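First comes the structure, then the notes that go with it.
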Amino acid sequence: MASTTPITMEDLQKALEAQSRALRAELAAGASQSRRPRPPRQRDSSTSGDDSGRDSGGPRRRRGNRGRGQLRDWSRAPPPPEERQESRSQTPAPKPSRAPPQQPQPPRMQTGRGGSAPRPELGPPTNPFQAAVARGLRPPLHDPDTEAPTEACVTSWLWSEGEGAVFYRVDLHFTNLGTPPLDEDGRWDPALMYNPCGPEPPAHVVRAYNQPAGDVRGVWGKGERTYAEQDFRVGGTRWHRLLRMPVRGLDGDSAPLPPHTTERIETRSARHPWRIRFGAPQAFLAGLLLAAVAVGTARAGLQPRADMAAPPTLPQPPRAHGQHYGHHHHQLPFLGHDGHHGGTLRVGQHHRNASDVLPGHWLQGGWGCYNLSDWHQGTHVCHTKHMDFWCVEHDRPPPATPTPFTTAANSTTAATPATAPAPCHAGLNDSCGGFLSGCGPMRLRHGADTRCGRLICGLSTTAQYPPTRFGCAMRWGLPPWELVVLTARPEDGWTCRGVPAHPGTRCPELVSPMGRATCSPASALWLATANALSLDHALAAFVLLVPWVLIFMVCRRACRRRGAAAALTAVVLQGYNPPAYGEEAFTYLCTAPGCATQTPVPVRLAGVRFESKIVDGGCFAPWDLEATGACICEIPTDVSCEGLGAWVPTAPCARIWNGTQRACTFWAVNAYSSGGYAQLASYFNPGGSYYKQYHPTACEVEPAFGHSDAACWGFPTDTVMSVFALASYVQHPHKTVRVKFHTETRTVWQLSVAGASCNVTTEHPFCNTPHGQLEVQVPPDPGDLVEYIMNYTGNQQSRWGLGSPNCHGPDWASPVCQRHSPDCSRLVGATPERPRLRLVDADDPLLRTAPGPGEVWVTPVIGSQARKCGLHIRAGPYGHATVEMPEWIRAHTTSDPWHPPGPLGLKFKTVRPVALPRALAPPRNVRVTGCYQCGTPALVEGLAPGGGNCHLTLNGEDVGAFPPGKFVTAALLNTPPPYQVSCGGESDRASARVIDPAAQSFTGVVYGTHTTAVSETRQTWAEWAAAHWWQLTLGAICALLLAGLLACCAKCLYYLRGAIAPR
């Protein structure tokens, strides 16, 4: 498509000013001549105000404001200045008039209705209306209520929320601009197309019409015409604008205007009768019926022909049982038949409904009957008190008189019949020695069971306590609505008409000591009105009515023929320039520089940087706790850095000696040993006063009682050994910390999209590429940051603190809240306390812990040669100077402040339909943990392969789509292991650690005897259709209505082809 140079408002203003100056010069020259004004010419009958006699199919004859009488197509742009000058040169000059000269009069302007009006001003045009008049594009007016060529003079609409339902109609011509020119910011200027051909609207409407707005709310199509709808604000007032868009040429040039057609806007239209035939009441009723059918179909619980679920897997009998139960090993229960809650079962000679006999958890499917060959005893599974038991039954002989007894499964009692037709088994005194729990008599369930009670022995497998949950069951969305018990806790005491509720129970209303439960909106509204403190039911009724009110409002507004003129007779599609997106693709991109993905073009993260405003916070030197010392196999005469120069490094000793709050201690080991040096004991008086008289020193002198002198091996026991230690807080010459404050930080993500670079931020998370638009879900900016630039012995590193410091709170002593010096010479913080020196033996348990704040531990170390020993020094934390030390900075800062916790989300809107690449390799290390056929999701985790998103399937069932890398999800398992997983190609086996549904607990009571026969439920499709004939009839009617609605939508889309792809 050929490109056109955008016409800016500045260029248009310069051209209009030049044309205005020429016009003023021409008018001034004409006014200076002495001539008599011509009488006004009469309008021809074809251009009179009565437009009823003209041909509506052909072009209109219009006269310009110059009165030259030539034909001109006012839908085109004005002629160039060369043609205009040539036409002036061919026109003969007017002859001089003999009338006396008169004063110059204001020029008069043709109004298009046979008259003229004085021009308001002679200066340059100041608004688009004056600019259109100056260009000579003022066609004759016409009555907007009569028929008019819709393409020669088109109509746009404006309406404001501040003025109510008042619609302003703006009639104007199109200039020959083709597609509207775009400015540098991607917007188009509607003032370039403002060429009115109807009544001039008020000034505030013209100002709103020419207000620039780049966002387009939607495109409205009507036949071959296209309208663009916009929302914008002018001076605090919100306006809606419906602009007529020009047609676009397929070859890049402006296409010719379509043939002029005439359309009479009436209440009924003969051209489109389908728009009127289907009104708001019919749409509301049809939508109500369809929604009721959808809700009823989803919740009514239509039963299939047969339950095809797999039979339940029973647990194996426990091994820890008594020897007298060994004969039951060969009597394992057979697999029962599958059925559903619509079947019947035989109890004695009577057939009863299964829902009246079996407990609730069996009604959900998976229940059965286990008939064994032995009539009197057998094994089966009992469910009682949320526990599963593997039970062995023994008949009891009938008692002489009816005696009530209490069961282990329930607290209810039942009377045993007085007589029994068959003798009972003599196993009354059998015990459950090998079983753990679950023993007790079983109450009789049915009157047809004439046998006596049974002793139930079982092994407890699991114990769960699910809470009570309810659901609502609706028949076709109409009342009455029933309450369905999903799970029930017996302790809650919910009853239906006095009968305890079990899972699967359906009841209009449940009662318990906690209150009442119902699904009926009328009852809910009544309960909410009666109990003003609880508005849950009223809110539920309100939420139920809101969708229908919205449907009514939408249908009423969409089906009205008049009201919002052209806006309400079309359908909203999408923004201006109909969308060319084929489809949307979504994937993730990791946040490490160099990560790449395919969506569907290659996207790579080139780097991450952040921008901020930097304020220098100065520099400081941290306190440094430094210690030194020496282990000497004799007593020195001069305890100082000079006297101990042979054992102590000179430079550290001098730096520590000149430091702040110095601590210096001298210990003498074995001062009271016997022998030739025993007289030295008197020198070590507490405080060292005697020693200082003979050996002057500045350190504290302490005797080291109980310490070993093994460090100086090879000497007699009367050897005296000394230990010297020196420590203080110093300013290290090569340790500095500079502080910088970063405000208004903004993270910039540098992406490479198909080779093209693109930067996204939280303010602009989009990338426009030739392939489509990329939207990035970027994390929020970190906010204010504090940067610590630490320089330790030439190794410079930066640490970042999140947020601004609270200098009036807990951060008052931190480095960022102190006064710093530019040359890093100031020590930050108060002077720390004097360090504490302590002599610790090598086998002291104290060495297993860390030194306390401001403590220094010294330990003599045995040397490898005689008279050679060393000293091990351990310094603790910095005490009161902790907050100024590098350790505090590392504990309160991070090395990467803009690293997000998760990946970046990429949403790509493609230009043409493409499909994202899908991984075909199987996932790796997939683990499945949980249970199957138990209604609880199991945990599925593993590693997705590269090459695109993995559409994970587990045993043929879709689990979800995951990007390459580790994934964790939950899925319902319907089959037992083994599990095969794949990503659409080859499959692999996953490791599974699951438990079967028999190990899961349910709510209920003992479901009866093993001798109860359950008839298998089978139902043909004909029987099902005969039982549901009314629902099928209603569904067929709804299907016909839905087909009619779809046909109307298809016809509407057919008529909107001009808006979807304007020609």
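Yeah, the Cβs are placed from backbone N, Cα and C, and that goes for glycine too.
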Selected from CYS931, CYS934, CYS983: Swiss-Prot disulphide partner of CYS950: CYS983
Cα separation, CYS595 (disulfide bond) to CYS767 (disulfide bond) (Å, whole number): 18
Using Cα positions only, nearest of the disulfide-bonded residues to CYS712 (disulfide bond) (CYS758, CYS824, CYS950, CYS983): CYS824
Length of the line joining the Cα atoms of CYS653 (disulfide bond) and CYS699 (disulfide bond), in Å: 13
Pairwise Cα distance for CYS824 (disulfide bond)/CYS983 (disulfide bond) [Å, integer]: 60
Confidence summary for the region 'Human C1QBP/SF2P32-binding' (30-69), mean pLDDT rounded: 43
Residues near CYS590 (disulfide bond) in space but at least six apart in sequence (CB under 8 A): LEU605, PRO903, LEU904, GLY965
Rounded inter-Cα distance in Å - CYS758 (disulfide bond), CYS931 (disulfide bond): 48
For CYS595 (disulfide bond), the one of CYS641, CYS699, CYS817 that lies nearest, given that the disulfide-bonded residues are compared by Cα: CYS817
Rounded Cα separation (Å) that holds between CYS641 (disulfide bond) and CYS931 (disulfide bond): 75
Nearest-integer angstrom distance between the alpha carbons (Cα) of CYS817 (disulfide bond) and CYS619 (disulfide bond): 12
Cβ neighbour count within 10 Å of CYS619 (disulfide bond): 21
Distance, CYS619 (disulfide bond) to CYS931 (disulfide bond) (CA atoms, angstrom): 62
